[in-house]
C-alpha cells in the first residue's frame, strides 16, 4: 500500500509525538457542503449515494479538497447498512429520517436474522473503502466505522429513530434474553463488518454508540459496553504493517469513561458535555481522547470559534493523545467557511502544545 504522507491522526491515537493536534470532523462529508448536495442530487437519494462506490468516494474526498488542514478521511456510509443487510428493509422518509419495513419484536425474529457477510452482503461498502484508499493515495488515513450493537438494536426494535426508546427498553427489561440474543448477533455482525473494512483498507475504525447514553449505568455496562468489548476483542489490530486503532464513542457516556477505557480501544470519543481536561486526568494514561467541541459553536463567528478551540486545547494541555473533533456531527446549516476557520484554528493554536 502507498505510504502515508500525513499520519499525525494515527500517531495521536497511539500517543506518539505529533507537530500539531490532528483534526477531523464527524459528518465532514455532509449537507453543509454545496458540493455534497450536488453529488447527492446526482445520485438521486441518500441510499443510492451510499451504494455507489464512486460517488461515495467523491463525497468522502470533497471536504479534503476544500480543507487542506483535515488529517483524516472517514468513509461515507450509514450505520444502518448492517440491519439493512440483515433484511430489515431500510428506507428514508422525508423529514422522518431512517425507517425499517420490518421490525424485530420477538426471539423468533432475532433467531431468523442472518449475520451479513461483508463482501457478499455489504460489498458496496467494501468497494467504497477500496476506491477511497486508491484515490487518497496516502494523503491522509481512512477511518472505517459502524454503529454499536445497542444503537443498531434500537433502530431495529423501534423501526426507526426514537426519542424515548420505549420498545427497546421494554424488551431490555421484559425480555433480556431476547435483547441479549439480538445484541450478540449484532456484535458478531459488527466485528465481521469492521474487519472487512480493515481488510479493504480502513486504517482506523470508530464504533458509534449514539444511544448508549440513554441507558442507566447498570444497563449501559450489560447491554452496550459488554458488546463493544466483544467487538474490540475480535477486531484485526495489525494490518499492512501498522496498528489499526479503535475509537469508542458513546454519546452521553462521560460518566463511564473509566469502564470504557478498560475495553481495549486506543481512544475514546467525548461529547461536548465532558470537560476534556478532567477526562484526561481520569483516563488519559490509558487512552487517547477525541473531541469535543459543541457542534453549535460553528454557528458563531470565526473569532468565537477560535476562542473555543483555544479553550479546549488549553484544557487538554501539553503533549499528544488528543484528536480534535466535534462532540457530535456537524449540522447541515453551518457555513462551510466556519468549518474552515475551525480547522485552521486547531492547527495554528495547537503547535505550542507539542514539541
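Glycine too: its Cβ is placed from the backbone N, Cα and C atoms.
Here Swiss-Prot flags 27, 28, 29, 30, 31, 46, 78, 155, 210, 328 as substrate binding site. If you take the C-beta of residue 210 (substrate binding site) and look for same-chain residues 6 or more apart in sequence within under 8 angstroms, you find 79, 147, 148, 151, 251.
Under the DSSP three-state reduction, residue 78 (substrate binding site) is assigned to coil, being neither helix nor strand. For 78, the entry in Swiss-Prot reads site 'Transition state stabilizer', with the evidence type sequence analysis.
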Local Cβ density at residue 27 (substrate binding site) - other Cβ atoms counted within 10 Å: 20
Other C-beta atoms that fall within 10 angstroms of the C-beta of residue 29 (substrate binding site): 24
DSSP state at residue 29 (substrate binding site), helix/strand/coil: coil
Nonlocal neighbours by CB distance (under 8 Å) for residue 31 (substrate binding site), same chain, sequence gap 6 or more: 37, 40, 332
Residues satisfying Cβ distance under 8 Å from residue 78 (substrate binding site), sequence separation of at least 6: 46, 47, 50, 98
